[in-house]
Structure formats: C-alpha cells, structure tokens
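*Asks:* Quick one: this structure, given as structure tokens, is what I'll be asking you about.
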C-alpha cells in the first residue's frame, strides 16, 4: 500500500501545453500593441485632417433631420403602458456610429450608457425607459431576454466596477464587497437580481459595465440610421454572437 502511494505521479502540465500558453500570451501582447498603435495612428491622422465646408453643412442637416424625426416619432407612435409588456427586463444594444448625432440624442444615449457601438446594457422596462428608447430608436436595437440569455451575458462577458475600477467577475468576494449591502454576495445573486428585476436592480445594473459585443460572423450589422419596422423586436441573440472573452 505504501509502495503504491509512493509511485503516484504528481500533477503536471505537458510541455506542449506550456508552449502553447506562452505563444498565446505573446500573441495577445503583440495584438494589444498593434491595436493601440493603430488607434494612435488614427488619432494623429484625424488631427491634421481638413474638413470641407459641405461636410459641416451635411452633418448639421443630418443632426437637425434626426431631431425632427425624433419629434415626429414621439407624436405619432403611442407606446403601450410598461405594465402590459411581456417582461420587465430589456436588453438594449447600440448599433450605428456617433459622428452626426444631435446633442439631445447623444445626451439620452449617455444616460442609457450606450455611448459606444456594439455595447449592451440591461434596463428596467418603465414608461420613462421605453420613451428614451423611442427617442433614440434609429441608433439602438432592443429586446426582452430570458434567464438563459442573462446568464450567458453575465458569465461570459460580465465585468463590474469597484472603486471606479473595472474587473472581471471571477471572484464572489469582490461582488460582495461592492453589492453586499444590498444582499448580493455572489454571481448567482447578481444574475437573479437582474433576471427578476429585483428591488436593487438599479444598483446591480450600474455595477455591471456595458457589455462589449462582437459583430455576427454570418450577417454583419448594417451601421445605418434606418429604424426597424414598428412593433418589431429584434432577437438580440441571433444578431450579436455572445462569445467568451477568456
């Protein structure tokens, strides 16, 4: 018996796996450096760019046209009461760019925390929220997620804020430190609070960073200010592919 225990192999990691990990880490570092250099190059190129007068005129007309369309939508479209909706939880995704947005719409998008393209947030379906979504309808798409969708998003792409610093949701201790006063001490409690739109939904939603999503591989999003048909709710999970960031 003692001899068998003495001959047991210690846990180890194969050399090929270690080499693969090192290659992946080196590739990730180089990829980050390449993207950072590309962003800096774009910023430098944009500083010296000269815009023609007709570009300013076109941007101004687009902003004013968006504002007029927004007023028309608010007058023509009659929103149903929030109590009659199928779900109290809404997931909204930002789709087009931010170049020629009217200041009023930019302000609404900032309140919804949808300032970047292909980011998504959980919202509570209230009358005020649905009105805001109607105001910025050409720039977003939204739908009603179920429990499985909420779990996939939070488990795979969830990141939180603690002392104004983002961190991945890999430790229940950090979640308890940030939301323990509201009775949320682990990842399961956070999922339950979001999915059920509990009494501390606002704190839990603000704790989560906007989810950074990826374009679908088969059918890419068209970044155009073209609203969807009236009453059509886009199936978010077929449009945006949820992938693990690990």
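Positions of Cβ are set from backbone N, Cα and C atoms, glycine also.
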*Asks:* Name the residue range among 9-28, 29-48 that TrEMBL annotates as region 'Disordered'.
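*Replies:* That would be 29-48, the stretch labelled region 'Disordered' in TrEMBL.
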*Asks:* Let me spell it out: take the region 'Disordered' (29-48), skip the flanking residues so only those 6+ beyond its ends count, and list any with a Cβ under 8 Å from a Cβ in it.
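*Replies:* Non-local partners: none at all.
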*Asks:* In the region 'Disordered' (29-48), how many residues does DSSP put in helix, strand and coil?
*Replies:* 19 helix, 0 strand, 1 coil
